[in-house]
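These come from TrEMBL:
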TRANSMEM  A:51-80  transmembrane segment
TRANSMEM  A:92-115  transmembrane segment
TRANSMEM  A:160-177  transmembrane segment
TRANSMEM  A:209-226  transmembrane segment
TRANSMEM  A:232-249  transmembrane segment
TRANSMEM  A:256-273  transmembrane segment
TRANSMEM  A:293-312  transmembrane segment
Amino acid sequence: MDDTFLLVVRTLDATLRVATPLIFCAMAGLYSERSGIVDIGLEGKMLAGAFAAATVAALTGSAWLALGAAVLISMSLALLHGFACITHRGDHVVSGVAINILVAGLTIVLGNAWFRQGGQTPSLPADARFMSMDFPGAEAMSEIPLIGQIYAELISGHNLLVYAGLAAVPLTAWVVYKTRFGLRLRAVGENPAAVDTAGISVVWLRYRAVMICGVLTGLAGTYLAIAQNAGFSRDMTAGQGYIALAALIFGKWRPWLAFGACLIFGLLDAVSIRMQGVELPGIGEVPVQAIQALPYVLTVVLLAGFIGKAVAPKAIGQPYVKER
Amino acid sequence: MKNLGRIAAVLTVALGTTAAQAQDYTPAVVFDMGGKFDKSFNEGVFNGVEQFKTETGINYREFEVTNETQREQAIRRMAQRGANPVLGVGFAQADAIGKVAAEFPDTRFSLIDGVVDAPNVQSIVFKEHEGSFLVGMLAVMASETGKVGFVGGMDIPLIRRFACGYEQGAKYVSKDAEVIQNMTGTTPAAWNNPGRGAELAKSQFDRGADVVYAAAGATGIGVLQAAADNGKYAIGVDSNQNHLHPGTMLTSMIKRVDVAAYNTFMSGKDGSWKPGFNVLGLAEGGVGWALDEHNADLISEDMKAVVEKAREDIIAGKIVVHDYMADDSCTY
């Protein structure tokens, strides 16, 4: 019994670790898409952030400088996206895909030119990374059943960025639903003409939204490169940007629901890792392939039956033209 | 002016021919999906061919396969451009080599980790199960919990062979030893996913393992990192990876792909290259375990003695390590 409980807690613990980049990206996408800018470029921005973080961490040995660089690079890509979509009214999907492809190639080329390790960056020492932190008393608490174990295993012992990711959700919910900026953000995604009539700049509002999106994807990239791993390797985002986008749509463009969707994806991933090679009562050992298909099967099932209709912001993907 | 032009033309031709003569022998290598800097399998081959290059001054052609459709193209291009011998790296290139070798009967092909039965192909395979047996013994001797982990790359018989040898070594030391096995994936992308490797390793630590053996190409980098981050022991593979995290790297199962690659190019040069099968095990020095200044503190004299004894017994045939690929099952 106790062992099972510990296993469950540790699986949830792994869920948090795996879901963190998804949470950052889903929140990033939420700002952008709520303002009417489709963001399929989450993947590319996150990858660029990861590369920037790993490079700066390798050169300076400072995790905080790395974080700053990642945010800067992701934000400039976000601004590029904004420049194409907001200022020049380009197609959002095309611009996003262009960013993804550009970054996928550029990171490898630059990495190869600078470090000569086939696109990888050198592996980083502990003090150039965000390492996991143990909360006070975690060691002592772990002796106490249930609450103590949850505290020691699940709550304590993550790195700073995991907590930042968790904090991003209520923060986003508060900004989007409780502030003036949030109200305008939602309005501009539904009906930019009305916002314009009220005398608020649609362009500036949308630019602010994509900048916030850039910051958050930069954090996601930093987490991947210097917290979860110890360096950059090519295509290390492995499609997580797209999964985050799916989670956002799952969550109907709402912070808490999107957060829940990210956790489900994370949980499925964590479970699929832990289920491998385990004998299940009555079934025996489940083949690797079946386990690894599990997240996708469940995604289809959830999408088909349980999510209901997801309605996108009305003005999403449409460039705003002030006067014809 | 006219003469000057003529002299220049003659000079270019002359220079051209000397350059061509020096480069008459052009070997080529086609790396596989992990990439030549995977710090493991492909990098071992890379080190071998680089050594050849520094010693002989002869340049080689190279290509890094980044998706599955490129293998055959790359190998064919090498053969078309006159490279000889062409060295294929990894089991996944067997089909491509078999096909291209039939089209270019005069070109010599070598294949590491795969078997192609053709008159112009040399197949180099290793007895990874023997080396894995030894590191499995070391793992259990170093473990405090009696549970040891294995993280494989792509789920293929070759990697199962590593796992099976490892398990036998572990059980040889202690009947009660428990071996937790995980595979990273079922596609070649599994060779290059350090993040998932780290998660798999952590899941094994959660289940009580305190030594983990990675046979997963570049994915292994994440496994070794996870062990270093969590203060557990890790065992590297193919290349000597002990230097990556001194203090937590228990040892590495060395597979001398570097020597195999070097020998291929060298024998191609001096004409002693022969087609057929080349099986390298403990006896031939093709596999082994790494002991250097980075892990000397972790390997006690007793452990060393026990493992060396087992090594001799395997060579002498007193211990028979079951080969997973012989019957596609791990029974011993």
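Each position is counted from 1, following the chain as shown.
Glycine is treated like the rest: Cβ placed from N, Cα and C.
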Interface-richest range of A:51-80, A:92-115, A:209-226, A:232-249, A:293-312 toward the transmembrane segment (A:160-177), CB pairs under 8 Å: A:209-226
Among A:51-80, A:92-115, A:293-312, stretch most in contact with the transmembrane segment (A:232-249) (C-beta, under 8 angstroms): A:92-115
The transmembrane segment (A:51-80) versus listed stretches A:92-115, A:209-226, A:256-273: most Cβ pairs under 8 Å: A:209-226
